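What follows is a short report on a single structure.
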Amino acid sequence: MSINRDKFGALLFLCLALIYGYYVRDIPLLFGDEDAPFNARTLPNAVAWVLGVVSFAQLVLPANREAGSLLAAFRGMKWKPVIMLAALMIFYGLTIRYLGFLISTTIFLMGGFAVLGERRIKVLLGAAVPVVFVFWFLLSQLMGIYLAPGDIFEMLG
Amino acid sequence: MLEGIFSGLTTAIMPINLLMVVVGCFAGTFIGMLPGLGPITAIALMIPITYGFDPSTGLILMAGVYYGAIFGGSTSSILINAPGVAGTVATAFDGYPMAQQGKAGKALAIAAYSSFSGGTIAAIFLLVAAPALASVSLSFQSADYFALMVLGLTAVSAFAGKGQVLKAITMTLFGIMLSTIGTDPAAGVARFTFGSMDLVDGISFLLLAMSTFALSEALLQILRPTKDTRTDEQKALKNLGSMKLSREEVKTMTPVIARSSVLGFFTGVLPGAGATIASFLAYGLERNLASAKEKLQFGKGSIRGLTAPETANNAACSGSFVPLLTLGIPGSGTTAVMMGALISYGVQPGPRLFVEQPDVFWSVIISMYIGNIVLLVLNLPLIPYISRLLALPQQLLVPFVLFFSLIGVYLVTFNTMDIHLMVLAAAIAIGLRLLNYPMAPMLLGFILGEMMEENLRRALMISDGSISFLWERPITLIILLISIAFLLAPLVGNTRQWLRNRKAVPNDGEM
C-alpha cells in the first residue's frame, strides 16, 4: 500500500511537533520565571500543540485523492545531478577557506557546468574564469570586501 | 507631509537611486522571464548586493526588481503561455491568444500600458493611504500588534488556495518554530541550540530565504525538468508585429484600468492576498461586467481580458507595501523578504518609520512612479534585447544561481557552516515542495514569529497575565474576529464540499 502524499507530509509534521514539544522542556528558565505569565517556553509550547493538532487533523481528515501517492511524487526525477550539485556545494563550503575564493569558486562553477552536461573545456574555462575574476574585482577592489587568499597560500609561505 | 514627499523625491532622484531603479527593473524582468524563478528569488538574490547601500537605495532596488519580475512574467505568459510567476497566470488567458493571432507586440504594449497605469494609480493611493494609516497605527498597542500579526498569518493561510489551507497553516507554524531557535531575546536563554555556537544567534533570515527559494528553485529546475521554453520565447520575439494601439483600443482599456487599479490596490493591501488573487478577481469582474457579445471574446484575445489582470497585479504590488511600510507587517512572501532585508539594514518597518526615517518611507513610494516609467519607456522597447540573455544555456545558468546564492550568504558572516546549512535547508525545502507544501507562509511565520512573541509577552505583562487583552480594546477584538473569520471560511467551505462529495461517492478509506 502506498501512502498518500498529503498524509505522509502530515505524519512528518506530527513527528516534528512531538520532537519539538519534547525538547521544549530543555529550555532553561530563569529564577521565578516558572510562574510568570509568559516565559521562554510559552510560545514553543503553544506552537508544538497547535502544529500537533493541525497535522493530526490532516492525518485523520479524508485523503485528498488529487495529491496522489508518495512514490508518484518522487518518481521520475533526475536525482543524480542534484545530489552531485549538493556534494559540490558542500565541497565549496569545505574548500573556500583553504583554497581561497578564486580557486574554490572556479572549481565549483566548472564542476557545476560539467555535472549538468557541459564537457567542452573552452566553455568550462571561458564561462567560469572571467566571471570569478570580475566578481572578485567587484568585491575586493570596488566594494572593499576583504577576501582572504586561502590558508593553503599562507602555509606555502 | 509635503516636506516628507520633497525629501523622498530628493532621495529618489539621486543618480545612484535612479540607476538602481533601472538595474532593478532590468534584472527583475530577466529573472521573471526565466521559467521557474519568481519574484521572491529575484529579490533574495539582490539582498547581498544591497548590503553596501543605504536602506533607501536597497529598498528602491528591490522594489524595481519586484515590478520587473512581474513584467517579465507577463512577457512569458503572452508570448509562450508559460507564466514565470503566479501573478501573471491570468494574463495568459487572453494575452497568448492575441500573440497567436500575430498581435504579440500589441499584447505586450497593452500589458505594459496597463501595468504602468495600474502601478501609477496604486502609487497615488499609497501616497494618500500610507501616511494616514501610519498616523492611526501610532496609537496601536502590543495587543493590537499581536492581533495584526495573527491576522497576517491566518490570512496567508486562508488565501493559500483550494486544499492548501492546512498545509499553509502547517508551514506558518514551521516558520514560527524556526524563529524560536537561538537566544530568547527577553530572557536571554538558549532555545533549541543543542549546544551549537552556530545556532546561538538563531537562523539567519537571508540564509533561509536564499536556500528555500533561490537554491531550491534552481535545483528543482534540474530535478523536475520542465520544457525549456526559452528558445520558443526568443522565436516569438522575432515576430512581434506592431506595438501601436488604436484610439478605439485605448478607449476600451481606460475604464478597465480604472476599475482594476482600485480592485488590485485594495486586494494587495489585504494581508495574504497579493498579485495572483488580484489578477484573477479583476479578470472575473471584467468578464461579469462584459456584454454577452464581449463575453464571447474572453479567452480568445480580449483586450479587456488582458488589461484587467495586468493592471490589477501591478496595483496589488504597490498595495502590498501598505501593511509593510505602515504597520511593519508583511502581507506576502515577497514583502516578507523585503522586510527581512530592511531589518538587516537596521531599519524597523512600521509606523515609526514614517516619523523617524521619512526619506526611506517616501523615497520608496516616489521610486514606484519612476519604476513604472522605466518599465514602460525602457523595458518595453528593449524586451527583444533583454530576451537575448535567455540564450544562456541552463547548464551554465543553474550553477551561477547556486553560486550567487551561496556567496551572498557567505559574504555576510564568512562562516562556512552557513554554506552547509544552506544545502541542508535547500534539501528540506525541495522535499517539502515535492510534498506540495507552500514556502512563502514559512518565511512569513519566521519573520513574524519573533515579533509576535515579543508583542504577546508585552501584552500579557501589561494585563498581569490575563488574556483579557484579547477583547478589552475594540480594535484588538475586531482584528482577531477577522482572523477567525479568515481561518474558518475555507475550513467551512472544505467541510461542505467534503460532505457533498461524501453523499455523492462513498470514501474508500485511502490512506
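Cβ atoms are placed via backbone N, Cα and C, with glycine included.
Just so you know, TrEMBL annotations are computer predictions that nobody has curated.
Listed ranges B:49-68, B:329-348; the one TrEMBL annotates as transmembrane segment is B:329-348. Highlighted: of the candidate stretches B:108-133, B:396-414, B:421-448, B:108-133 has the greatest count of Cβ pairs under 8 Å to the transmembrane segment (B:262-285). Among the recorded stretches B:12-31, B:145-161, B:329-348, B:421-448, the one sharing the largest number of Cβ pairs closer than 8 Å with the transmembrane segment (B:202-220) is B:421-448.
Pairs of Cβ atoms less than 8 Å apart link the transmembrane segment (B:421-448) most often to B:168-190, out of B:12-31, B:108-133, B:145-161, B:168-190, B:396-414. Long-range contacts of the transmembrane segment (B:168-190) within the same chain, counting only residues at least 6 positions beyond its ends with a Cβ under 8 Å from a Cβ of the stretch, are 153, 156-157, 160, 199-203, 208, 432, 437-439, 441-450, 452-454, 457.
Comparison of B:12-31, B:108-133, B:329-348, B:396-414 by number of C-beta pairs under 8 angstroms to the transmembrane segment (B:145-161) places B:329-348 first.
Long-range contacts of the transmembrane segment (B:329-348) within its own chain (CB-CB distance under 8 A, at least 6 residues past either end) are made by residues 39-40, 43-44, 47, 50-51, 54-55, 58-59, 62-63, 66, 148-149, 152, 155-156, 205-206, 209, 213, 268-274, 320-321, 323, 357, 360, 439-441, 443-444, 447-448. Counting only same-chain residues 6+ beyond the ends of the transmembrane segment (B:396-414), those with a CB under 8 A from a CB of the stretch are 34, 37, 44-45, 47-49, 51, 204, 206-207, 210-211, 214-215, 218-219, 221-222, 422.
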